[in-house]
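Participant: Dropping the structure in here first, questions after.
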Amino acid sequence: MSPVSHDSQMGVVRNVRALRTRIAAWRAKGLAVGFVPTMGALHEGHISLVKTACNLADRAVASIFVNPRQFAAHEDLATYPRNEAADLERLQAAGCHLAYLPSPEEMYPPGFETSVTPGPLGRALEGEARPHFFGGVATVVCKLFNQVRPDIAVFGEKDYQQLLVVRQMVRDLDMPVEIVGAPIVREPDGLAMSSRNAYLSVDERKIAGRLNGALRAAAERLAQGAPVAEAMEEARAALREAGFDGIDYVETRAAADLSPLEPGPLAPGARARVLAAVRIGRTRLIDNWPAERKS
Ligand SMILES: Nc1ncnc2c1ncn2[C@@H]1O[C@H](COP(=O)(O)OP(=O)(O)OP(=O)(O)O)[C@@H](O)[C@H]1O
Ligand SMILES: CC(C)(CO)[C@@H](O)C(=O)[O-]
Ligand code: BAL
């Protein structure tokens, strides 16, 4: 027998109509809705977002949708890890109230043609390496917000630029939702949890564990007053020495809006973020770490 009582059984819906029926019943009771969009293959990072949504709202909805529009033709849409049964169990155990799993046809029916295009914030860093990416993310997140109509939505700081792009979209398009950023959940060696970590071989996994250390070391150098350009050069050297096959970028940017910084030392009190994307074998990893100069 299931240890879960009927009352706390998580709902599972796969189309907008069923989703809206469930949410309308909560709204009728005046309950606040928290939302966590995901692409599935869930790990403790995703679960921490669901728990945050449960803490901040009366009901939590999580979506699982591997969004084709944010993958370029050469990327890993076909092989992206999928594990629906395990994901549903994890969501249920985390206290999620409703899982929303639309099909690609439900999200993008024949005739679909409108998209959301982020501004300059979406063109730097990840946007430069993956030019299609933030347009796909903004479009699907906009649709998901219109479908769920949440009071709050929780996004992980692991995808730091994505969090800022979504905040900017919500501000620019007057969307009635509060965006909450949640801290990065890491493996014991510091590697940020990520669904794509499943691609790593045993040897690659050892190398991957050194990404976070390189960013932390850079943030420490910046805290001590090292020039940004010097700290970034040291970080690149550390990543090359660790054995990464490629570095898409390692940069220190203003934490609030990712605007570029001068090459010299950080201004005392200025909040910055060291961000990187690296490649190892067929896997691309991103991570970031806060940096602030000690006064
Ligand atoms: N380690 C983590 N800590 C906190 N939040 C995370 C973590 N990993 C992912 N998230 C957040 O979960 C949400 C869904 O992300 P997604 O499903 O793409 O997972 P992912 O592990 O980032 O996958 P990928 O390997 O494709 O980057 C995003 O808001 C993302 O920032
Ligand atoms: C926000 C998101 C679910 C949109 O597809 C995705 O980019 C992700 O999982 O970070
Ligand atoms: N976590 C971001 C989803 C992607 O890389 O497509």
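Using the three backbone atoms N, Cα and C, a Cβ is placed for every residue, glycine included.
So TrEMBL lists these for the protein:
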BINDING   39-46, 156-159, Val185, 193-196  ATP binding site
ACT_SITE  His46  active site, proton donor
BINDING   Gln70, Gln162  (R)-pantoate binding site
BINDING   Gln70  beta-alanine binding site
Participant: Near ligand 1, meaning Cβ under 6 Å from any of its atoms: which of the binding-site residues Leu42, Gly45, Gln70, Val185, Ser195 fit that description?
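Facilitator: Near ligand 1, sequence order: Gly45, Val185, Ser195.
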Participant: Measuring CA to CA, name the entry from the recorded positions His46, Gln70, Gln162 that ends up nearest Val185 (ATP binding site).
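Facilitator: The smallest Cα gap between Val185 (ATP binding site) and any of the recorded positions is with His46.
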Participant: Three states by DSSP: which one describes Leu42 (ATP binding site)?
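Facilitator: Reduced to three states, the DSSP call for Leu42 (ATP binding site) is coil.
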Participant: Output, ordered by sequence, the same-chain residues six or more apart from Gln162 ((R)-pantoate binding site) with a CB under 8 Å from its CB, or 'none'.
Facilitator: Glu126, Phe134, Val137, Phe155
Participant: Please check the binding-site residues Gly45, Gln70, Val185 against ligand 3 and give me the ones with CB under 6 A, sequence order.
Facilitator: Gln70
Participant: Roughly how many Å lie between the Cα atoms of His46 (active site, proton donor) and Met39 (ATP binding site), rounded to a whole value?
Facilitator: 10
Participant: Taking 10 A as the limit, how many CB atoms besides its own sit near the CB of Gly45 (ATP binding site)?
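Facilitator: Total other Cβ atoms inside 10 Å, all chains included: 20.
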Participant: Would you pick out, from the binding-site residues Met39, Leu42, Val185, the residue whose Cβ has the largest number of other Cβ atoms within 10 Å?
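Facilitator: For the binding-site residues Met39, Leu42, Val185, the Cβ with the most other Cβ atoms within 10 Å is Leu42.
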Participant: Work out how many Å separate Leu42 (ATP binding site) and Gln70 ((R)-pantoate binding site) at their Cα atoms, rounded off.
Facilitator: 18
Participant: Enumerate same-chain residues with a sequence separation of six or more from Glu157 (ATP binding site) and a Cβ-Cβ distance below 8 A; give 'none' if the list is empty.
Facilitator: Leu163, Gly181, Ala182, Pro183, Ile184, Asn288
Participant: Expressed to the nearest Å, what is the distance separating Gly45 (ATP binding site) and Gln70 ((R)-pantoate binding site) at their Cα atoms?
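Facilitator: For Gly45 (ATP binding site) versus Gln70 ((R)-pantoate binding site), the Cα atoms are 20 Å apart.
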Participant: Quick one: Cα separation, Met39 (ATP binding site) versus Gln70 ((R)-pantoate binding site), in Å?
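Facilitator: Answer for this pair: 11 Å between alpha carbons.
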